[in-house]
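K.L.:
Once you've had a glance at the structure underneath, I'll fire off some questions.
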Amino acid sequence: MADQLSEEQIGEFREAFSLFDKDGDGSITTKELGTVMRSLGQNPTEAELQDMISEVDTDSNGNIEFKEFLGLMARKLRDKDSEEELKEAFRVFDKDQNGFISATELRHVMANIGERLTDEEVGEMISEADVDGDGQINYEEFVKCMMAKKRRKRIEEKRDHDGGSRTKSAGPSAAPASKRGQKCVIL
């Protein structure tokens with residue numbers, strides 16, 4: 001993943017990382033991670049930092065090596081690109097550009113990509129993503145739905161990569177009772 005970074009980006013990240021690597025051993029503490037990221041223009045929340053730390057600090061030693069940090073920054077940059085992709089995807093669905101995806105707009109876009117949906121299916125998709133219950137999907141709801149889909153995909157990929165005995169259809173993330181996840185997958 002870090003191989004997707006330019007030499008200039010790697011140099012910038014190394015410089016920021018080095019500022020906090022006080023003893024020059026090539027690692028920083030997890031507590032310093034937020035400070036380093038903020039110095040690079042990122043603004044992670046405390047919860048995001050905890051997620052990143054648990055993802056990166058695989059040996060739970062409280063230190064993050066530069067290589068791990070590069071992987072993390074590459075993911076953050078890719079996620080930033082993903083945000084632009086989400087905005088563009090939302091605009092595709094939001095035909096009248098009013099900031100909401102209606103059932104009619106959803107049905108129209110899905111039909112254009114070859115998915116003929118019944119009124120009931122469209123209604124289920126809307127209600128699964130419609131957190132505020134107004135009968136439409138706003139941008140925040142769209143993002144939550146898509147991010148949930150992305151998380152499920154990462155979990156499945158990790159499970160497959162780890163060689164777990166569970167299949168993609170096993171476990172709570174793919175259980176039929178979890179309609180929310182299944183409906184968002186179509187979006």
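Even glycines carry a Cβ here, placed using N, Cα and C.
Below are the features listed in Swiss-Prot for this protein:
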- Ala2: N-acetylalanine (MOD_RES)
- Asp21, Asp23, Asp25, Ser27, Glu32: Ca(2+) 1 binding site (BINDING)
- 44-79: domain 'EF-hand 2' (DOMAIN)
- Asp57, Asp59, Asn61, Asn63, Glu68: Ca(2+) 2 binding site (BINDING)
- Asp94, Asp96, Asn98, Glu105: Ca(2+) 3 binding site (BINDING)
- 117-152: domain 'EF-hand 4' (DOMAIN)
- Asp130, Asp132, Asp134, Gln136, Glu141: Ca(2+) 4 binding site (BINDING)
- 153-187: region 'Disordered' (REGION)
- 169-178: compositional bias 'Low complexity' (COMPBIAS)
- Cys184: cysteine methyl ester (MOD_RES)
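Explain the structural surroundings of these features, please.
P.N.:
Residue environment of Asp23 (Ca(2+) 1 binding site) contains 6 other Cβ atoms, counted within 10 Å of its Cβ in all protein chains.
Per-class residue totals from DSSP over the domain 'EF-hand 2' (44-79), listed helix then strand then coil: 25 helix, 3 strand, 8 coil.
Asp57 (Ca(2+) 2 binding site) is surrounded by 19 other CB atoms, counting those within 10 A of its CB over all protein chains shown.
Applying an 8 A CB threshold to same-chain residues 6+ apart, the list for Glu105 (Ca(2+) 3 binding site) reads Phe93, Asp94, Lys95, Asp96.
Using a 10 Å radius centred on the Cβ of Asp130 (Ca(2+) 4 binding site) and all shown protein chains, the other Cβ atoms total 18.
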K.L.:
Tell me, by DSSP, whether Glu105 (Ca(2+) 3 binding site) is helix, strand or coil?
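P.N.:
For Glu105 (Ca(2+) 3 binding site) - judged by DSSP and reduced to three states - the answer is helix.
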K.L.:
Which one, from the binding-site residues Glu32, Asp134, has the smallest tally of other C-beta atoms lying within 10 Å of its C-beta?
P.N.:
Asp134
K.L.:
Please give the average pLDDT for the domain 'EF-hand 2' (44-79) in this predicted model.
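P.N.:
A mean pLDDT of 81 is what the predicted model shows over the domain 'EF-hand 2' (44-79).
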K.L.:
Residue list, the domain 'EF-hand 2' (44-79) vs rest of chain: Cβ under 8 Å, 6 or more residues beyond ends.
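P.N.:
For the domain 'EF-hand 2' (44-79), the nonlocal Cβ contacts are 1-2, 4-5, 9-10, 13-14, 17, 21, 26-30, 33-34, 36-38.
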K.L.:
Spatially speaking, which of the binding-site residues Asp57, Asp134, Gln136 is closest to Asp25 (Ca(2+) 1 binding site)? Use C-alpha to C-alpha, please.
P.N.:
Asp57
K.L.:
Once Asp57, Asp59, Asn61, Asn63, Glu68 are set aside, which residues in the chain still have Cβ within 8 Å of the Cβ centroid of the Ca(2+) 2 site?
P.N.:
Ser27, Thr30, Val56, Thr58, Ser60, Gly62, Ile64, Glu65
